[in-house]
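As annotated by TrEMBL, region 'Disordered' applies to 1-126, 256-278. Positions annotated as compositional bias 'Low complexity' by TrEMBL: 1-17, 24-36. According to TrEMBL, the compositional bias 'Basic residues' annotation covers 37-49. The compositional bias 'Polar residues' annotation in TrEMBL covers 52-66, 98-109. Residues annotated as domain 'WGR' in TrEMBL: 149-247. According to TrEMBL, the feature compositional bias 'Basic and acidic residues' maps to 261-275. According to TrEMBL, the feature domain 'PARP alpha-helical' maps to 277-403. Marked as domain 'PARP catalytic' by TrEMBL: 416-653.
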Amino acid sequence: MPRTTRSSTKASAAPASADPPAPANTTTAVAPAKSKATTKKAPVSKKRTRADANSQDDTTDTSKPASTAKRAKRKGIKDDAADVDIADSAPATAGGDVSSSNNQAQAQTDVKDAAPAKSETPEPPAKMVSVLKRGAAPVDPLSPHLVSTHQVYVDDQGEIWDAMLNQTDALNNNNKFYVIQLLHPSGNKNSVSLHVRWGRVGENGSAQDKGPWSPAQAIQEFLKQFKSKAGADWGDRKTMQPKKGKYMWLERAYGDDEDEDKGKGKEDDGPRAKTPEPTLGAELLDLASLIFSVSLIQAALSEMNYDANKLPLGKLAKSTILNGFTALKGIAEVLADPDGAKASELGGKRQACVTLTNAYYSVIPHSFGRRHPTIIDRPEILKRELELVDALGDMEIANKIMSDSRPKDADGNPVNPLDASMRSLDLKFIDPVSRGSKEWDNIVSYMTGTHGATHSNYTTNLRNLFRVERNGEAENWSGAGWGDLKDGEKMLLWHGSRSTNFAGILKQGLRIAPPEAPVTGYMFGKGVYFADAFSKSANYCHAGQSKNIGIMLLCEVAVKPYLELNDADYHADKNSKNHGKIATKGVGLAQPREWQDCSEALDREDLKGVIMPKGGLEKVQSPGTWLQYNEYIVYSPNQIRVRYLLMVDMKYR
């Protein structure tokens, strides 16, 4: 990994577009003379974010940027030094204490979006940091002076004075954040300081503290700072709309912080009890270690360019996910109709995609390093971002389970965290299937027999197989009348997903995309997608991100009668219903040779009337068909019963 270096030359002046630091408000009662503003460059990590090689916007080499002034002038990049506007004097050095004017100029240069001071390499991405929680909200872990002694101010009405702001301008390569917090010493709410931190998303940036003041004065300073950056009043933050040149407020969930503090051991609570060994069997321990892996979740988020430092999963509000879907819905509308009203209203397709991309990245923070943010102007990029927003919900559930899982049993005895996490899934049962049993062997035959010829770049081996039943699924299934379907109208079908999604899937079941999601991101409408070809679903596991282990489901699915389609239909959910069907089948060129009853193949009487393929796949002639493999889509979660979970070793050629 290249060594990070810092320029020893004097930084060039900020470009004319940068706003000068605002002077202190001398008409307002301020703190005594000893009150001072302090600025520090937050610590630098040596971890780097993996580049997205698939994006045409990500190919620019920024390893040796031009000088600050030249790059800013040439690209028209607005300097982030404009965000330094609460200090009465120039910022301190990146290293810490106030010193020479050269160092002060260096600190301002270090917060630029895309015009770093001349150096061999740009500043690397921020390292995942531990968050210190006191009270209702976490203190910014990179606060240079107050993180170890202060907590976020909460007023008598319960208002939490904490804000995370984000702003993206893809054309000008701006992708930045702004943190605002009121902090007070633990145990003293009458002395309140203003803390801000700003910089490029994916980097630590610079931080500044000012005060202390009385609570009333501090609140006024917070409100002034928020309005300056967001262009909206604090009281209107939940309904604010994106404004050019302004930041968007990111809603964060706070509800469980206090419970987490109470439920988890603290350093001053005395010595921690030794963590017991897990009681899970070897197969379940293998599964739990994969789906509750913090490192795999972080790797998956990084691979999708999501910045979990700016909006950690534990603070991800449901409204933020829905806002992400809403932003993508606007982009989908433009891509579907480049000459339509939406595109015209925003200045044509290209400008519309830029504007809506900026809005999306402002609510779903992405880290692109020093590269230009990728403009979402093609269906494949849109689909990738839909996958991210959809996955955030499942990963947030895994994160919550790991955070909420108390390492004690009902009697107060310590238990292993993986035991506690598996228990939190609230499954009716999840039992390993014996190797070499008829059930195991015929599911292996289903795997190998339906591994498509076009998916020859990897081989597979069944690692673990579990029978699964989720609480409530059987009741929902029966209540909807699916148990009354005729023999052969229910199928045992494959579903694959990232391993990091499976804690959420097992906890809440397979779900339909919300109304906020665009229909154009789903080939046959918003539904749950299945396949009768193993490798078709296996490709969605992204096993390379999870130690080359894929996790898949076999589900009993109510599919017949279905609407057969040879081509994409984004409104297939409505069209199938209008045709009196309960599902859609996207017809493929490779079809199962024959079908068999699961009760006989798997020795399970409870699967009588449910069918599964037998004898592999064969090519068929179907005029108008271009799909390689069948897809089955249902539009209600009550049409699904999870029956098996598989862990599959995938070896890539």
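In case you wondered, yes, glycine gets a Cβ from its N, Cα and C as well.
All TrEMBL annotations are machine predictions without curation.
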> What is the three-state DSSP composition of the domain 'PARP alpha-helical' (277-403), stated as helix, strand and coil residue counts?
Replying inline: 87 helix, 3 strand, 37 coil
> Across the domain 'PARP catalytic' (416-653), what is the average pLDDT of the model, as a whole number?
Replying inline: 96
> Using DSSP, how many residues of the domain 'WGR' (149-247) fall into helix, strand and coil, respectively?
Replying inline: 22 helix, 42 strand, 35 coil
